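Okay, so here's the structure we're looking at.
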Amino acid sequence: MKLRHTLGLLCILSLSAHAEILSVHCPLGCPSNPKANDLVFTHIYALSNNPMTKFADWVAYEVNPINYGVSPGRNWNSDPLINESKTLEPSDYTGANSSELEADRGHQAPLASFAGSRYWYEANYLSNITPQDEDLNQGPWKELEDKVRDVASYEDPLYVVTGPLFNSEMNKLPKADEDHVVPFAYFKIVYNRKGAVGFIMAQSTERNDGYCSKTSSIRSIQELTSFELPSLVDNIKLKTELGCNNEH
């Protein structure tokens with residue numbers, strides 16, 4: 001138990017927004033960590049948990065075929081490193097799929113990217129989950145995640161920073177007994193050491209929408225977030241590798 005507590009102290013930090021955060025999950029620098037947030041490092045991703053919204057402001061992870069595998073299942077659990085008052089619990093999602101949002105439990109760091117890792121279960125922590133409209137979650141969001149896995153290789157892994165956006169008010173989860181803020185949209189930045197490609201997808205995104213129609217400049221994403229993103233530049237070559245031509 002003492003060792004577990006020690007590891008917890010090492011893995012969860014509260015840093016100022018100006019501190020440089022370096023991690024294997026974000027080798028060019030992680031986004032900044034807002035003052036009230038908890039910064040958590042698991043074996044497969046890093047995240048900044050917002051106690052007000054009850055969701056991670058951002059999640060950062062590496063995409064490498066070494067971690068791919070057959071999905072072991074979705075056993076939802078609370079994050080042992082985050083106080084239960086600062087995040088939602090599995091029961092808070094009861095009835096979410098039949099609500100107006102028709103929400104899935106949407107992974108930010110996708111389970112499929114870590115199904116072959118011995119630490120796959122960390123992808124199912126509720127701190128890595130948000131209520132995501134089922135058409136978005138099962139449509140262009142999933143298709144983009146699939147394409148990122150296709151493009152990433154052992155020699156040239158890709159990295160992702162993703163998170164929710166709260167530009168407009170959304171209805172809350174119907175059975176949640178804790179105050180929370182449902183995201184209006186999501187951003188995803190896919191990058192390597194040469195540059196990045198950004199995407200923004202609203203909860204209203206249609207299932208058949210192409211993810212390439214949702215590309216966005218890194219600057220535009222930065223303008224919508226309350227924290228500082230790492231210094232990344234838009235990269236046309238990576239955009240093309242992800243299947244998006246230059247007209248989008």
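Positions of Cβ are set from backbone N, Cα and C atoms, glycine also.
According to TrEMBL, the protein has these features:
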ACT_SITE  His107  active site, proton acceptor
BINDING   Asn137  Mg(2+) binding site
DOMAIN    41-236  domain 'DNA/RNA non-specific endonuclease/pyrophosphatase/phosphodiesterase'
DOMAIN    42-236  domain 'ENPP1-3/EXOG-like endonuclease/phosphodiesterase'
SIGNAL    1-19  signal peptide
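Summarising the environment of the residue listed as 'Mg(2+) binding site', the number of other Cβ atoms within 10 Å of its Cβ, over all protein chains shown, is 24. The two recorded residues, Asn137 (Mg(2+) binding site) and His107 (active site, proton acceptor), show a Cα separation of 9 Å. Taking all protein chains in view, 25 other C-beta atoms sit within 10 angstroms of the C-beta of His107 (active site, proton acceptor).
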